[in-house]
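Taking it in order: structure first as structure tokens, then the write-up.
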Amino acid sequence: SAVLAGLITLIVKTVPRHHHGKPPPDNYTLALHKALMFFNAQRSGKLPKHNNVSWRGNSCLRDGKSDPGTTMKDLVGGYYDAGDAIKFNFPASFAMTMLSWSVIEYSAKYEAAGELNHVKEIIKWGTDYLLKTFNNSADTIDKIAAQVGVGDTSGGSTTPNDHYCWMRPEDIDYPRPVYECHSCSDLAAEMAAALAAASIVFKDNKAYSQKLVHGARTVFQFARDQRGRYSAGGSDPALFYNSSSYWDEFVWGGAWLYYATGNSSYLQLATHPKLAKHAGAFWGGPDYGVLSWDNKLAGAQVLLSRLRLFLSPGYPYEEILSGLIQLNHGRPQPLQYVVNAAFLAALYSDYLDAADTPGWYCGPNFYSTDVLREFAKTQMDYILGKNPRKMSYVVGFGNHYPKHVHHRGASIPKNKIRYNCKGGWKWRDSKKPNPNTLVGAMVAGPDKHDGFHDVRTNYNYTEPTLAGNAGLVAALVALSGDKSTRIDKNTIFSAVPPMFPTPPPPPAPWKP
């Protein structure tokens with residue numbers, strides 16, 4: 001029996017065991033790693049040592065200084081918007097707000113993917129720059145730097161600028177004017193949203209978080225006092241990122257400032273029916289439910305709905321917060337609108353799950369949380385390759401993706417040759433694939449017939465943007481990883497005081 005026991009022990013010890021390791025990462029997580037790299041490639045200024053994009057270097061180190069007409073002399077840093085080298089602060093602020101929102105809700109998923117520190121560093125690179133664009137230590141300001149660089153080439157202008165020239169950012173030698181604005185409510189309120197949202201992301205870094213909150217309060221006050229659109233007629237921003245109104249930014253910025261400060265005057269403003277009315281909440285039509293760099297209304301509605309679901313704020317907030325946005329009104333093209341809708345659908349589904357609510361009525365129709373999540377997945381799966389062209393619209397993801405991205409830095413080789421303004425045109429017009437891979441860039445996308453032309457000169461198909469990629473990152477992290485990893489219900493409320501403080505004493509008796 002001893003021999004038999006020994007034999008059994010020997011067999012048991014020598015039989016190979018199958019260890020169940022962690023399952024391989026899902027497509028959303030794989031794409032998330034890449035999508036975040038796009039922001040590293042878009043950095044302006046003096047790059048950190050670990051930027052990990054071999055073909056990029058320091059660039060535009062004289063932004064601000066080189067424009068004698070501006071009082072803001074240090075505007076180095078921030079992000080280039082798209083395939084050009086312009087720093088458009090309006091869509092860049094929206095991109096930072098979206099990234100911060102995704103971190104506040106899904107920090108555990110970023111942590112699981114090993115990307116939490118990376119995404120926080122991306123946000124800080126953006127907010128550090130935004131703090132340079134106004135006097136962030138003051139309580140009141142009278143101007144903001146809205147844009148660095150210009151792109152107007154209308155009327156056959158041949159003046160070298162960020163759209164006429166095709167150069168690596170590292171080689172730029174033409175002037176980069178600073179556009180300042182003195183009444184720009186939309187831009188200032190969006191910057192307030194970005195700084196306020198980031199203050200929650202960095203709440204463990206008390207000094208930085210307070211600096212962000214102070215900056216957010218200051219620019220929001222400026223937005224409310226000096227009414228006007230930042231992209232006034234005839235200005236350079238009007239050609240590229242023309243803002244249709246500032247009311248939606250008032251709702252959005254007010255909501256974020258409420259979460260960042262707990263000050264109920266911001267909540268009263270953000271939920272005021274007149275503001276919602278001006279922002280188009282009751283107009284209907286195909287556009288009002290589309291979250292984008294121009295229209296924040298749909299995002300603000302979802303953001304405020306979490307207050308209703310988790311804190312039961314009571315009247316009058318209960319009444320104004322009761323609607324579910326119609327996500328499927330989103331335009332199919334370009335892809336930036338799709339990713340934003342997918343993010344809102346996935347996030348709202350997670351809100352309902354966290355509130356143990358199986359779904360929600362939208363008019364007569366009931367939408368279960370699964371329907372919302374599936375909608376988000378179908379949209380993202382399309383972008384990652386499940387489409388009639390069997391192609392991924394995220395560069396570097398999958399085997400078949402755009403190779404001629406409309407992007408100056410990616411299309412010009414880093415070969416120690418400095419191509420001047422027009423010298424780079426040959427790379428713009430070349431039929432060859434880009435020598436540098438712009439990993440993680442989501443291109444503009446196909447047309448309404450699923451057609452797509454991978455040509456560098458057609459930016460309507462092949463140009464990526466900061467705002468588009470921020471929505472992509474947010475949607476990917478929402479769908480990534482283990483579904484049992486829920487949203488972070490509480491962090492966003494850390495500054496919010498109890499909703500039902502001691503009631504005030506009754507008023508004095510009325511005297512005729």
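Glycine is treated like the rest: Cβ placed from N, Cα and C.
All TrEMBL annotations are machine predictions without curation.
Values in this document were obtained by computation on a predicted structure and should not be read as measured data.
Here is what TrEMBL says about this protein:
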- HIS406: active site (ACT_SITE)
- ASP454: active site (ACT_SITE)
- GLU463: active site (ACT_SITE)
- 28-476: domain 'Glycoside hydrolase family 9' (DOMAIN)
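Here the active-site residues are ASP454, GLU463; the one with the fewest Cβ atoms within 10 Å of its Cβ is ASP454.
HIS406 (active site) and GLU463 (active site) are 5 Å apart (CA-CA, integer value). HIS406 (active site) sits 9 Å from ASP454 (active site), taking the CA atoms of both as reference points.
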